[in-house]
Structures are given as C-alpha cells and as structure tokens.
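*Asks:* Dropping a structure here in structure tokens format, bear with me for questions.
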Amino acid sequence: MTDKKYIVALDQGTTSSRAVVMDHDANIVSVSQREFEQIYPKPGWVEHDPMEIWATQSSTLVEVLAKADISSDEIAAIGITNQRETAIVWERETGKPIYNAIVWQCRRTAEICEKLKRDGMEDYIRSTTGLVVDPYFSGTKVKWILDHVEGSRERAKRGELLFGTVDTWLIWKMTQGRVHVTDYTNASRTMLFNIHKLDWDDKMLEALDIPRAMLPEVRKSSEVYGQTNIGGKGGTRIPISGIAGDQQAALFGQLCVKEGMAKNTYGTGCFMLMNTGEKAVKSENGLLTTIACGPRGEVNYALEGAVFMAGASIQWLRDEMKLISDAFDSEYFATKVKDTNGVYVVPAFTGLGAPYWDPYARGAIFGLTRGVNSNHIIRATLESIAYQTRDVLEAMQADSGIRLHALRVDGGAVANNFLMQFQSDILGTRVERPEVREVTALGAAYLAGLAVGFWQNLDELQEKAVIEREFRPGIETTERNYRYSGWKKAVKRALAWEEHEE
C-alpha cells in the first residue's frame, strides 16, 4: 500500500482526450475532457493530428489535477487507455509525426487488404494474429504511410522512424522520448503480432514490408514502463504503470476477468468482448480472437465483435441529418412513436464490422412508406445499435459454447434507457448498467494501481462494481425473432454496395 491518495487514468478516445482522477475507493474525484478535430481528406478516410492528440491529452492531465486541487506528489501512478488500431509514425530524433494518424475507422487500405487476400494470407493472418483481413487494423495503415511518404521506408530501416499506436505515442511524449513500448492488448490489434508466441510476426512484417526496427517493445498491461514529470523540470516524477486498449480496459474495469464474462461498450462504435481465459478461441463466425487482461493484468484471451457505427450513427442524426440538436434528444423522439413503422436503418457508413466484415457495405434506410416521419428514423437508428449487438452476441455464443445470462454494458449511449430496454428485448437477456459509467478509465486506473501496490488485488475492487439498473426482456420470443429477421433482410441488401461502382 502506498501513502499516495490518487490514480490518474488518461483515456485517449476517438473524438476526445480525457483525464480522470480516482481515489482509493475507486470514486471519481475529477474529470477533464477536450475534443479534437476529425479530419476527412476523402470519402471513407479518417485522420487525426497526432500533435493535437498529445496537446489535448497533456492539457487535460494538468487541468484535471488543478480542478481537483490535487498536487502531483499525491498521485501514485498513471494508467493509459486508448483508441486502438490508430497508427502513428514519427521521427525518433524530433518526435514529429511524418503523417497524420490514420484512424481505426479509415478504409483507405481496402486495396492493400484485397492484395493480402489474393496472396493467400487470410488463413495465416487469422490463425497467427487472431484478426480478419480488414483496413481496421494498424498493419496496413503503417504500410500505407511508408508507401506514400517519400524515403520513409529507408529511414525506418535505419531506425530513424518509429511506429506506435496511440498508447505508444503518448508514453513516448510523456517520457521525453525515453520509452518506446506498447502492451499486449494494443499489439494484438496491429495485425503484425503473433498472439500465441507473444511476439511481432516476421512473416507479417515481410508481407507488409514494415521494418522491425520501428516497432515498440511489447509489455504486460500492468507494470511500470517509465516515469513522467508533471509540472516541468523539477516537478514530480510519476510512474506510468498501466496500459490497455479501450475495449480491454473496459472489460477489466467491469471486472470481467473470469472465463465467460462479457461486456458491451456503446461508444463511437460498439464493442463486445468475452473473456475466454487462457485459451485463444478461434472464431468460426467472423469474430476476432484478441488479447485481454487476467486478474493481475497478465495475458488472457478474449473473443471480440466490433460494430463500427453505434454512437457515431446518433451523431449522424445530429450533425448531418439535423434531425436532433443533441444526442440526448434521441431517446425522447424515439419514444414519441410506438415502433419504427417498418423502417430499418443499416448504418454501414464505413462498411460493416463483425460478423460480416464487408468494407464495401454502405448505409441504407429500408421500409420507407408515406407515413414514416423523422421520429421513426431516429428510433430505427437507435434500434440498429441493438440489432448489431445481437449479431455479435449470436456469433460469440456459437464460438464459445457459452450462453450469456447477463450482459454488462458501458459507454456514453448506455444513458439512453430506451436503447438499453430495447437491447434487453432483442437479446432476450438481462442487461446490467453499472453505477460508475467510466469503466474504460476505471480499467486503466486498476491496471496502474495494481502495478504499484495502490491496490493489492482485484478482490479489493469487487464490491465497487455496483449495478445501478438492470433491464429485463419485455417482449415475446416470436416478436423478438420477427423484428430481428427484418434486420437481417435489411443488412443483406446493404452488403457489397460500393464495389459495383466504377
């Protein structure tokens, strides 16, 4: 046990950077958040400015301590959780990026993925990395940068350039370029990492022509990686001692550390993870096999289903369609109609993730008749989040052989009671919403705290996992299956849309 009172979690997300201070009882003392720019150079392309990621994240760290009136010497450790797969390449000497960060949602590398498939790499990638061939993962993004920034591949071979996911980039900046590391959970999302041998995979590096010299060292999710100075020169040196990709951090924050426990996070995308313990379960149903954290941050495996558009489809209603002025209004408008009037929205704006994995699917609205109004479309958009979650859960139960009795949920959209009730209805299972919604930050804080003895073990934290509300199914099985079959019909029609274009 340390005499320091607080842990800081840095939660670097897709649309904002956050810092959260927690005390020993896992209470949230203070939160600071800053949004940053989304860059869309072409349709289907998504970028961030790595310097803006760093600027927003470092300023929230200073801000959150000031807000809580806490001095840096009261902080026991810092944990980091991050948007996964997003790829950054920078100069070792200057710490300057050679290109913008290519974000996980970006589809520009679809052609590179097609070539990997043509070269017969699909099965190898599946069995070695646990992933499917898709532009979502970091490997093809790094290749794209090296292919398009002149002279960069040669510089990378000479050790002048470094690659990292967002966790690696932040730690490099926080340690003034002294530490170049990532953790197993983030490495498992690159398509360059052998999840069984726990090492970078030479065959994948060769296939994508990525020099090994630019890759970070891979470490456990809970250990001291280095120190950062808060308050400039002569400030306090604080250990950075926890790293996990956002979804694995949420799984840990929900204390799903035993085989068969699962959670679904409703953020920009929707991510369901089920802990499968020490065995890597190969999916026959389009899910990913990935690395998660055991009770001490050690390597466990998980099955994951990723849905690209969840909260992002509500933002689409607000920003592009102008049907709502605030995301919170979606619940109000959805409940003004008794159903969707036969409408299904398939929000395949950047293709579809699990279990379809079709980068060429595109968004569509089906079942429109003259009586359909904006409330029906708002409701159908919310319902699409629950339908996509059922797609993933069905695949997960088939792969694992485990029937889920309750789903733990977290993320921004779980505040929407309509969505949570519909989710329970369409799954036919209990949905449990925790009291503390910041489970991603919680996971990063737990990992950091365990590494420095702030908490001795997870047993100390079990009683803190309080369920605020439980949703139970309120519709009959026949009704549930009827609605779901309509969804399946709609999805089928949205698949493989784009590749027919000239």
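Start at 1 and count along the chain as shown; that gives each residue its number.
The backbone N, Cα and C atoms fix where each Cβ goes, glycine too.
Keep in mind it's a predicted model, so treat the numbers as computed, not measured.
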*Asks:* Pick the one from GLY226, GLY311, GLY371 that Swiss-Prot also lists for the ADP site with THR14, ARG18, THR268, GLY412, ASN416.
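*Replies:* Same ADP site in Swiss-Prot: GLY311.
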*Asks:* ARG84, GLU85, ASP246, GLN247 bind glycerol in Swiss-Prot, but which of TYR40, TYR124, TYR136 does that record place at the same site?
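*Replies:* Within the candidate list, Swiss-Prot flags TYR136.
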*Asks:* Using C-alpha atoms, which one of the binding-site residues SER16, ARG18, GLN247, GLN315, ASN416 comes nearest to ARG84 (sn-glycerol 3-phosphate binding site)?
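*Replies:* The answer is GLN247.
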*Asks:* Which of the binding-site residues THR15, GLU85, TYR136, ASP246, GLN247 has its Cα closest in space to the Cα of GLY311 (ADP binding site)?
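*Replies:* If we rank THR15, GLU85, TYR136, ASP246, GLN247 by Cα distance to GLY311 (ADP binding site), first place goes to THR15.
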*Asks:* Tell me the Cα distance separating THR268 (ADP binding site) from THR14 (sn-glycerol 3-phosphate binding site), rounded to the nearest angstrom.
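*Replies:* Cα-Cα, rounded: 7 Å.
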*Asks:* Please report how many Å separate the Cα atom of SER16 (ATP binding site) from that of THR268 (ADP binding site), as a whole number.
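*Replies:* Each residue's Cα considered, SER16 (ATP binding site) and THR268 (ADP binding site) end up 11 Å apart.
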*Asks:* Determine, from DSSP, whether GLN315 (ATP binding site) sits in helix, strand or coil.
*Replies:* helix
